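According to TrEMBL, the protein carries these features:
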REGION    31-67  region 'Disordered'
COMPBIAS  44-59  compositional bias 'Acidic residues'
BINDING   180-187, 262-266, 326-329  GTP binding site
DOMAIN    347-360  domain 'SRP54-type proteins GTP-binding'
Amino acid sequence: MGLFDKIFGKKVAEQLEENASADIFKLDLSESEEVSETVTDPEIVGDEVETETEQEVETVPEPGLEPETPQEIEAKYEKSLKKTSKSFGARFNEFLANFRSVDEAFFEDLEDTLIMSDVGVDVATQLTDELRQEVKLQNAKSTDDVKRVIIEKMVDNFGESGLNTALNLQDGLTVMLFVGVNGVGKTTTIGKLANRFKTEGKKVLLAAADTFRAGARDQLVEWARRSGVDVVVGKENSDPASVVFDAVKRARTEQFDVLLIDTAGRLQNKDNLMKELEKMGKIIKRELPDAPHETLLALDATTGQNAISQAKEFSNVTPLTGIVLTKLDGSAKGGIILTIQQILQIPVKLVGLGEGIQDLENFDEALFVKGLFQDLI
Ligand SMILES: Nc1nc2c(ncn2[C@@H]2O[C@H](COP(=O)(O)OP(=O)(O)OP(=O)(O)O)[C@@H](O)[C@H]2O)c(=O)[nH]1
């Protein structure tokens, strides 16, 4: 049984209609007051630039967030994918409405529609070729039949990716490095993840290895405060690698469970970025040979195909273990997940579904697909 049948079964239309009316999207809890203690304990790293000890940030008690129920998570996916599904659905329905027969012109237009739907040229071509066969094989004649075959094929291709979307968490210290261009949502993702791990009872340390923008550092310190976790920061323009060194050392000696490292994403200077990430990687490995356990690239879902080029560029600079697709809630281009996994063979591991502290979810293939096609089936 393919992913399509597993997810949609036979009577999916009614079910989706019911779900669409449910509106239990969680309130943004970002204004909640939470405990946080910000500590830095930097040290001098060989001949590297010295970091500076930051002052303590005032702390406020955390009210504690209830874990979400599976129904709440599903509703969040559905709501976040509404825009994508609407534009996807509208384009497809319009395309199908214009056709009387399934001939070569139909497939050519289908390919164009897929390209316009942010599926990407390569995937669109491959999919159209496969669909030519499939439509024949299934003897699909009516618009509804063809529609079902198209969706079925897209979903099943996606389901066959075989990529592991789970975070690689260790029994001991897990080190995660976050990369991505400015503004895609790295810091926000780290803040949300810190809160998740803290809620699970883990000891969490953050590292502000973006030392080029004071704003970026302050933002991370604020997220640490909100989640009640510790953060290591460096002096402005200091060597990011020295912050990483301090953070890894501290995480090991004080037995933290998770270390989340925020980096600067200046892709315009690829050589520098590569050198910087290499240096960070070396420093991490010196202390922990099997780390980083995750190198996650944050991509902004609203940028569509641009996100794909960023993923290609970054994977040339450093090996990536996964992708965080942010701002899915504000995007009509969430369909790029299909392309990312198919073309780049990098699993999407986390999705950002809003700006609130709880608006980060593990990537769930079935919930994504259900949300994506909700306006089509
Ligand atoms: N709607 C929505 N907004 C998000 C999401 N993730 C991040 N944002 C917003 O995106 C903006 C940029 O996020 P940052 O976390 O500062 O991005 P960054 O990659 O760390 O940027 P730099 O610090 O400049 O490198 C902020 O306004 C966030 O609130 C999401 O999943 N949904």
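Even glycines carry a Cβ here, placed using N, Cα and C.
Ranked by Cβ neighbours within 10 A across all protein chains shown, the binding-site residues Gly180, Gly183 are led by Gly180.
Ranked by how many other Cβ atoms sit within 10 Å of their Cβ, the binding-site residues Lys186, Thr263, Leu328 place Thr263 at the bottom. DSSP assigns Lys186 (GTP binding site) to a helix.
Mean pLDDT across the domain 'SRP54-type proteins GTP-binding' (347-360) comes to 94 in this model. Look at the domain 'SRP54-type proteins GTP-binding' (347-360): DSSP puts its residues at 0 helix, 6 strand, 8 coil.
DSSP gives Gly180 (GTP binding site) a coil state; it is part of no helix or strand.
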